[in-house]
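Residues or ranges marked as transmembrane segment in TrEMBL: 12-32, 39-59, 65-83, 95-118, 138-163, 197-217, 229-252, 272-291.
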Amino acid sequence: MADFDWSFFTEVLVGGLLSGVMYSLVAIGFVLIYKTSGVLNFAQGALLLFAALTFVSLVERGLPFALAFLVTFAAMVLIGVAIERTVLRPLTNKPPITLFMATLGLSYIIEGAAQLLWGTQVHGLDLGIEDLPFDVAGVFVSQFDLFAAATAALMVALLSAFFRYSRIGLGFRAVADDPFAALAIGLRLPFIWASVWAAAGLVALVAGLLWGARLGVQFSLSLVVLKALPVLVLGGFDSILGAIVGGLLIGASEKLAEVYLGDLVGGGIEGWFAYVVALAFLLIRPAGLFGQKLVERV
């Protein structure tokens, strides 16, 4: 134990936590939709990819960064509202598998549209942050990872505050708790659902920019959402706090496993360790750490 390098351990742990914050941001896009409508939105990855490609194409055509962000945000809001109005609203009260298959089909449609518009080439995305390490109390941290984690954390905080204190947010919470009671007191459910889809579009945009800058804007970017699934299993599919905690746990555990267990299993553990953790949680606590336990009378 005396030979254990605590400084290196801290570096690995911090790196994992920073990645975990970005996982949390992706997971929150799922939580927003699932909490209000009970839909596991498998199109979130395609929306993330579409947002990143739209932004990059606008920047490559000479638009300023801020203007490209606003235009892309407007596009994502319109796409989110259109999906809710034209696809999911007609499927209200349908079995969950029907809604899931609808979002799965949407993901292929959105990716196909992106390929038709922009092709399959990889685009670089420079956010102006160099990926250089700097020393914080003897621990080396990547500048880009720190920037990305801070941006994701700010986004999570703003969304949490919005849904906790704004009128739309209070309506969102009411619909999530009991949609029939919310409808009975006069809340406009279609407006709430459309607002949530717009918020999910914003989350997809920010996540797409951060992950696109790290991995390159390419079609495999949509697979980032697969890392959000273990996060949701750990934290709970209907809990924003759970998405945050789950992301941190997954990010830290997979980095530590890669470094300290990778040699024992032949490497590549980072790609599948999160799913092992998720499987264990499904066996022990299926609702997740903060998920709501549902009891059905049969």
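Cβ atoms here come from the backbone N, Cα and C positions, even for glycine.
Note: TrEMBL annotation is automatic and uncurated.
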What same-chain residues lie close to the transmembrane segment (65-83): Cβ under 8 Å, and 6 or more beyond its ends? 43, 47, 50-51, 54-55, 58-59, 106, 110, 194, 197-198, 200-202, 204-205
Under 8 Å, at least 3 Cβ pairs, sequence separation 6 or more: does that hold for the transmembrane segment (197-217) versus the transmembrane segment (138-163)? yes
With an 8 Å cut-off on Cβ pairs and a sequence gap of 6 or more, do the transmembrane segment (138-163) and the transmembrane segment (39-59) reach 3 or more such pairs? no
Sequence-remote contacts (6 or more beyond its ends) of the transmembrane segment (229-252), Cβ cut-off under 8 Å? 13, 16-28, 30-31, 34-35, 40, 156, 159-160, 163, 176, 274-275, 277-278, 281-282, 287-292
Non-local residues, at least 6 beyond the ends, that sit with Cβ under 8 Å of the transmembrane segment (272-291): 227, 229-239, 241-242, 245-246, 249-250, 253-254, 257-258, 261
Other than its close neighbours in sequence, what residues sit by the transmembrane segment (12-32), given a CB gap under 8 Å and a spacing of at least six beyond its ends? 40-41, 44, 47-48, 139, 141-142, 145-146, 148-149, 152-153, 155-156, 159, 196, 199-200, 203-204, 206-207, 210-211, 224-225, 227-228, 231-232, 235, 237-240, 242-244, 246-256, 259
